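Below: the structure, in structure tokens.
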Amino acid sequence: MNHLPFLDLPAILSAGGTVRLPGSKSLSNRILLLAALAEGETEVRDLLKSDDTDRMLEALAQLGIRVTPAGEGAITVHGCGGKIPVKEAQLFLGNAGTAFRPLTAALALAGGAYHLSGVPRMHERPIGDLVDALRHLGADIECLANEGYPPLQIRPAALNATAATVPVKGNVSSQFLTGLLMALPLLYRTVTVEVVGELISKPYIEITLATMGRFGVDVAREGWQKFTVQAGSRYKSPGVIYVEGDASSASYFLGLGAIAGGPVRVEGVGADSVQGDIRFADALAAMGARITMGPNWIEAAPPLNGSLKGIEQDCLAIPDAAMTLVPVAVFAKGLTKLTGIASWRVKETDRIDAMANELRKLGGTVETTADTLTVYPPANLDELHCAEIETYDDHRIAMCFSLMTLATPLRILDPGCTAKTFPNYFDRFAEVTTAVPVIAIDGPSASGKGTVTQRVAEALGWHYLDSGALYRLTALAARKAGVDWNNEAAVAHIAAHLPVHFAGGLTFLGDEAVDDQMRTEEMGIGASTVGALPAVREALLLRQRAFRQAPGLVADGRDMGSVVFPDATTKVFLTASAAVRAERRYKQLMEKGFSAKLQNILQDLEDRDARDAARSVAPLRQEADAKLLETSHLTIVQAVNQVLDWSGNKAS
Ligand SMILES: Nc1ncnc2c1ncn2[C@@H]1O[C@H](COP(=O)(O)OP(=O)(O)OP(=O)(O)O)[C@@H](O)[C@H]1O
Ligand SMILES: Nc1ccn([C@H]2C[C@H](O)[C@@H](COP(=O)(O)O)O2)c(=O)n1
């Protein structure tokens, strides 16, 4: 599992390949609960291993349900035949709605005393409609903090033996109806559930009915209004059951295939799927993507001619996968309006606000209402820029924003939140995407890095990063603010908020062009001093990575290949003898009209290199995977050609 505070994603050039999907969360937790309630042993194969399924498995273990390994990652659930063995338990269910809602219903009818709680966000997610329905059946449930919300205390109750019907509202979460239906066979009598008002997310009810059917309970239904569970319905193990791949998780890779060259194929769900979220593929097709499907796979590619087009999409049936339409819409022509998404506001976070806020951080234009979200794609993708993406402990926000790397590099905060449904998501993402290439050129002062880097970038038509300039600017800004170069916290704050921009070949700090001021030997020493402070390096990291834009980047510094771009496609350690470097710097200064003493220059650069090499973080050194380019006896052109040759790229 990924416990990093952040993950920096490089911009990508394209995507293509095949992804084997993890098991469906919705199916996994339904199957676990029904296998637990069933008579007999159920071998569950391809179960999703994630936070939400872990919460369900932990709860079942506490309730006395035995689960044993069955080889090759499968498990055997030893069903209790409807008689939950443990009659008193305190269950912590994290933020797993697919565990909390169905367990509430099953335990309310099980005749025990159970305390159910979750993370703070779970306690803000409504459950009142389900509690009301269960109380109608005679269940004793107390909402311990706020009426209608977890945490809950369930107590043994004399269940109402006469209630033949039970009303439940369906417009906030379909999980209330799911929970109720799955629990009803525990009553051993005929009960009809009547849905009050509109039922959202109907395809999830299809999953519930199909899964109950696999465990031997057929629900008679009249449209989407009435569902009857007959007396004598009992769950029986189907023996072995396979969990389909997760159709919501498929949406990220299908979206990627539609915007980034493709084709991208997902395996584990396909035309035969019981999951409604495969209808996300229809929305992509409506945008012009080329979608093909087999029984167990789906493939997406961009339109053959032209680009995707914006659509108006009712998302009531695909609430989770529909989030992926937000990043996809950024790459379409014309606006995309998503409707019927009020339920987003009561999910892991308020997903309407979260998606809008984070897209705006990247420079996107979004409008929202209580139940809609409209994306206005930029006229030019260059309008989008690198930013830190807040993920709100919501796996889907993290996964959705990975698609934005087709426009810009970005930082995902708390990337480990994908563990809720897709623990290795970012590894799979990296496997099917091609990151913008980087040539990293590191080396000591005055070795010629800047000159060579700039010329290689010009030859290839790639972007250029002079990372030393950012350290020099930090030292200069600190000096202007009267901050001591060794004051780590204050200098790091300055580095994090540098008002720098580059225009017309000049470097601006605020409104002032500062090229001459920052290129002095004094600012070289200042840069080397502030560069030894870990917090300063941390503060400048994303700013440097933001330069990694299509079609490629050539970056010079001291730690380009080791820290900033460890996955650089070519790494060069460019150097020359100290005497040659001192002479080069001397000539450079003379040409600019500065006076200097060769001996002093030699001393300064030896001191600076020693400091850069001795520091504890990102020291100057040749990394094992970097090629050595000794330029003492090379011309600039020879050095440039050698780098181009090593990179395997031809000058454009
Ligand atoms: N192979 C070379 N032969 C001769 N002169 C060179 C060569 N490479 C660079 N130079 C010259 O050396 C001087 C210093 O080069 P440059 O400023 O690119 O070095 P640098 O490594 O980026 O320095 P710093 O780390 O201090 O920024 C420049 O005037 C450049 O033209
Ligand atoms: N990636 C980098 C780039 C620069 N620095 C520090 C150390 C250098 O002595 C100083 C100035 O760099 P220059 O402009 O001469 O390339 O900045 C660093 O620590 N890491």
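The backbone N, Cα and C atoms fix where each Cβ goes, and this holds for glycine too.
Note that the coordinates shown come from a computational prediction; the quantities given were computed from them, not determined experimentally.
Of the residues ASP54, ASP320, ASP371, TrEMBL places ASP320 in the same 3-phosphoshikimate site as LYS25, SER26, ARG30, SER173, SER174, GLN175, SER201, LYS347. Applying an 8 A CB threshold to same-chain residues 6+ apart, the list for SER201 (3-phosphoshikimate binding site) reads SER173, SER174, GLY276, LEU316, ALA317, PRO319, SER343. The 6 Å Cβ screen around ligand 2 retains SER445 from the binding-site residues GLN175, LYS420, GLY443, SER445, ordered by sequence position. Rounded to the nearest whole angstrom, the C-alpha distance between ARG351 (phosphoenolpyruvate binding site) and ASP320 (active site, proton acceptor) is 10.
Across the binding-site residues listed here (ARG351, LYS449), the residue whose Cβ sits among the most other Cβ atoms within 10 Å is LYS449.
Each of the binding-site residues ARG125, LYS420 was scored by the number of other CB atoms within 10 A of its CB, and the lowest score belongs to ARG125. Under DSSP, GLY443 (ATP binding site) is assigned to coil, being neither helix nor strand in the three-state scheme. Ligand 1 lies under 6 Å from the Cβ of the following binding-site residues, listed in sequence order from ARG30, LYS347, LYS420, THR451: THR451. The two recorded residues LYS420 (phosphoenolpyruvate binding site) and LYS347 (3-phosphoshikimate binding site) have their Cα atoms spaced 13 Å from each other. Among the binding-site residues ARG30, GLY443, SER445, LYS449, THR451, the residue whose Cα lies closest in space to that of ARG396 (phosphoenolpyruvate binding site) is ARG30.
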